[in-house]
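A.B. asks: This is the structure, below, for whatever I ask next.
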Amino acid sequence: MANFFIRRPIFAWVLAIILMMAGALAILQLPVAQYPTIAPPAVSVSANYPGADAQTVQDTVTQVIEQNMNGIDNLMYMSSTSDSAGSVTITLTFQSGTDPDIAQVQVQNKLQLATPLLPQEVQQQGISVEKSSSSYLMVAGFVSDNPGTTQDDISDYVASNVKDTLSRLNGVGDVQLFGAQYAMRIWLDADLLNKYKLTPVDVINQLKVQNDQIAAGQLGGTPALPGQQLNASIIAQTRFKNPEEFGKVTLRVNSDGSVVRLKDVARVELGGENYNVIARINGKPAAGLGIKLATGANALDTAKAIKAKLAELQPFFPQGMKVLYPYDTTPFVQLSIHEVVKTLFEAIMLVFLVMYLFLQNMRATLIPTIAVPVVLLGTFAILAAFGYSINTLTMFGMVLAIGLLVDDAIVVVENVERVMMEDKLPPKEATEKSMSQIQGALVGIAMVLSAVFIPMAFFGGSTGAIYRQFSITIVSAMALSVLVALILTPALCATLLKPVSAEHHENKGGFFGWFNTTFDHSVNHYTNSVGKILGSTGRYLLIYALIVAGMVVLFLRLPSSFLPEEDQGVFLTMIQLPAGATQERTQKVLDQVTDYYLKNEKANVESVFTVNGFSFSGQAQNAGMAFVSLKPWEERNGDENSAEAVIHRAKMELGKIRDGFVIPFNMPAIVELGTATGFDFELIDQAGLGHDALTQARNQLLGMAAQHPASLVSVRPNGLEDTAQFKLEVDQEKAQALGVSLSDINQTISTALGGTYVNDFIDRGRVKKLYVQADAKFRMLPEDVDKLYVRSANGEMVPFSAFTTSHWVYGSPRLERYNGLPSMEIQGEAAPGTSSGDAMALMENLASKLPAGIGYDWTGMSYQERLSGNQAPALVAISFVVVFLCLAALYESWSIPVSVMLVVPLGIVGVLLAATLFNQKNDVYFMVGLLTTIGLSAKNAILIVEFAKDLMEKEGKGVVEATLMAVRMRLRPILMTSLAFILGVLPLAISNGAGSGAQNAVGIGVMGGMVSATLLAIFFVPVFFVVIRRCFKG
């Protein structure tokens, strides 16, 4: 094939140009993201039961829905929360690769079976089914410079005019409002109701009748009488629009003609739909929209669309209102991609300089350089064909591929120059002869490197999704690299190169003259050293055994992890006050947190967005969350200004607040996989022991974890503590004896204390809700319940104290379930110096000491880490086996591949040493670096073994003579290609700033592995080849 293109160079150029054009078109169309879709697809079901406590919600809503979610394809696990705000969220997580649209449809179908079994109030509120990630893509905050504008005003405008618009954008999975839109609030006065012998039930019934929209028909509607000349719609009763109209609602007309109206027994106002949340941006009243990404959507495209839409809406905002982005994960995505692209160009420049150093011929250097854009652009075309995106992982693959793809072209050019010098042939003939010598080695190298990376593509879970990005990118680049080396590079050599003399390098002066002289002396010294080594192979095999033993020790001692942490420019702070703490107390702590960040960390913090009443641990008055946005990376130089350093200082200072727990934490490397770094542990009641037993087990586990501060830190329940609850018990026999309806009792309790949604009203053209509830002063104390009255069958007003008793109990404001069983989520982090894998192992060990019937499981990113840890050994083993089989097929020998494979531990030991010295961990990126090193180590060995084998078979050389000739001939291309690769990944290894954690994790390991593989392999490969050939003749 090479000879065909040597004779037809324009044909080769045409193919290369077509490939580059396809790649250029692909780049314009490929989406850009930080990561591909790595997190397993998830579908969430949300419902609301106004006024219900957590236990009631769990028993009447959560379990009913869960029990119908059976038989759904590819369901991995299911978790749910039920809280005392009456809300329930059930999240179903599916195996990677599941079509999220199909999953959503299946969940909706199952939900249809459960819906008729749910309370009427829940059905009336509506049940939503969304496919979205569990964490926020961004938070859009809205503040006003107008001092008269309240949070309710801002919230209502955002809810009415912005929220739905953003929800409809492509890529948006869910939009959560931090605030509430307006609602008509009827605040009942219990004393006045009793005075007029009215009940909340009377109020609700009259509102349903009088605040109603009637379809009244038409005058002259069809069928009409012959000759009818009039047709008009009839508008009869319509819904009310303002508090004045509601105040005039007639509750009762007395026999004397007097009228009791709603305003006589209640306060009517346009208030908030709920008062659960207080939002602030840098201490100013605000509203916020927490935007979650739809499953499979592109983060950058979605964020760009959101900002464009808000910019479009900005001119229509009320005077003084503006939008800010106090929490945005996308700048990190953009900058990290930019950093990798910059690294890509730096790698190309360094590789060019290495090639010019060794080749010292601009024409010769230009040939491998031309191969770089051809192969890289071609790889983009293949990524587009596979439906991939331009993301951190594919770009890492490109950076690794640069060193690999120029290798093939360098081998071709270097060998053509050598043949021209030694055989004094013109370029065309030299190229033909050269290609006949190295074509087998090129194919062998391609097979080996492909064999290393292809098994990665077949692994499951989120880890498999990461591996596939590298696998497809690198294998595509390798395949194209070999094709270019067999098609374009020979054609370029035959047309661009000029004949060179045998004294080509010796005639150079200056730096190149010194370099060539030094290198030639080194080659002679190296060849003599190899000759001596081959005379005492036993000693070196012993040294090799010690190296392998050291490799095993290093591997066992290397801490494990899933992905490295990153400074993403944002982080979160969770606030948890003691059970029963009020919203007012929580706000004071949030104000302290805001003051700390804006004053003590003003050099690093851009803004703080706080939400009172909301937390990832649940919605309650004693919970809060702060979204902290840091200043741009270029303004935060130095480790002391990194997100990790800011979080560490905040933990120390905010930990001194006595009124509650304040826990700052970093975002996970892949936001889709959770909300916090560290581990995510589910403690499960497997035997139906009950909430109290599960709580005791949780506290026991937390106590045991606290005894290991050297390994575990910030171990905490991701939930709300049990709190005092006021239990009201109705004596049904007494109630019936008094002629009181049980349904009236229930409706009165629900309305007065929890609030009842009645129906809707029209506010400025938008439908909003109408709520009835007792005014605040009538529901503050236990004795206020006794002031509630219901009317008996004979018209007498009966106080609740006549048929109820009450007492205090403890209960949870938030109940959790995992896979249909009661559970409690526990989060924590590995202590500095401890790997996440070791921390997880310790948690499992502690959990095994809990009482019988208490089980555990991992969820979120920890589930994926456990899965990846189990896959890693199999991945390395399969890669070893496949490489060996490919080499056996290439050499038609079972023994020669052994001499190649024996060199692999020499590269692995370098990866492990580098990782140990620079505090890297055994994570997914480490495994990619390890596999890359396996392939590259084998590549160097192939260059020597292939030549030695040919010299023995074609020229009849002895095994030692052939080996010495091979190492002498191949040392230059081995060092050149290895140095090119090492310098190609150097920018990754020394990177800092956005995305540097991942870049370092890849670069440091590969660089260390390549250094050791090169320095050790050039001495050990000859030993392995000679020993194997002697042991296995032929």
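Glycine is treated like the rest: Cβ placed from N, Cα and C.
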A.B. asks: Identify whether Arg7 and Gly995 belong to the same side of the membrane as annotated by Swiss-Prot.
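C.D. replies: No - Swiss-Prot names a different topological domain for Arg7 than for Gly995.
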A.B. asks: Please determine whether the transmembrane segment (974-992) and the transmembrane segment (340-359) are in contact (criterion: at least three Cβ-Cβ distances under 8 Å, sequence separation 6 or more).
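C.D. replies: Contact confirmed: at least 3 Cβ pairs fall under 8 Å.
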A.B. asks: Within the same chain, where does the transmembrane segment (366-385) have neighbours whose Cβ lies under 8 angstroms from its own Cβ atoms, ignoring anything closer than 6 residues to its ends? I mean 6 or more beyond.
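C.D. replies: That would be 16, 19-20, 22-27, 29-30, 348, 351-352, 355, 394, 398, 401-402, 405-406, 408-410, 412-413, 472-473, 476-477, 480-481, 484-485, 488-489, 492-493, 496-497.
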A.B. asks: Pairs of Cβ atoms less than 8 Å apart decide it: which stretch in 392-413, 474-496, 538-556, 872-891, 1006-1028 has the most with the transmembrane segment (10-28)?
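C.D. replies: Stretch with the highest Cβ contact count: 474-496.
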A.B. asks: How about the transmembrane segment (872-891) with the transmembrane segment (1006-1028) - do they touch, taking at least 3 C-beta pairs under 8 Å (6 or more apart in sequence) as contact?
C.D. replies: no
A.B. asks: Is it true that the transmembrane segment (538-556) and the transmembrane segment (898-917) have 3 or more CB pairs under 8 Å, sequence gap of 6 or more?
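C.D. replies: Contact criterion met.
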A.B. asks: May I ask whether the transmembrane segment (898-917) has at least three C-beta pairs under 8 Å with the transmembrane segment (392-413), counting pairs 6 or more apart in sequence?
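C.D. replies: In this chain the transmembrane segment (392-413) does not contact the transmembrane segment (898-917) - fewer than 3 Cβ pairs sit under 8 Å.
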A.B. asks: Could you put numbers on the helix, strand and coil content of the topological domain 'Cytoplasmic' (946-973), residue by residue per DSSP?
C.D. replies: 25 helix, 0 strand, 3 coil
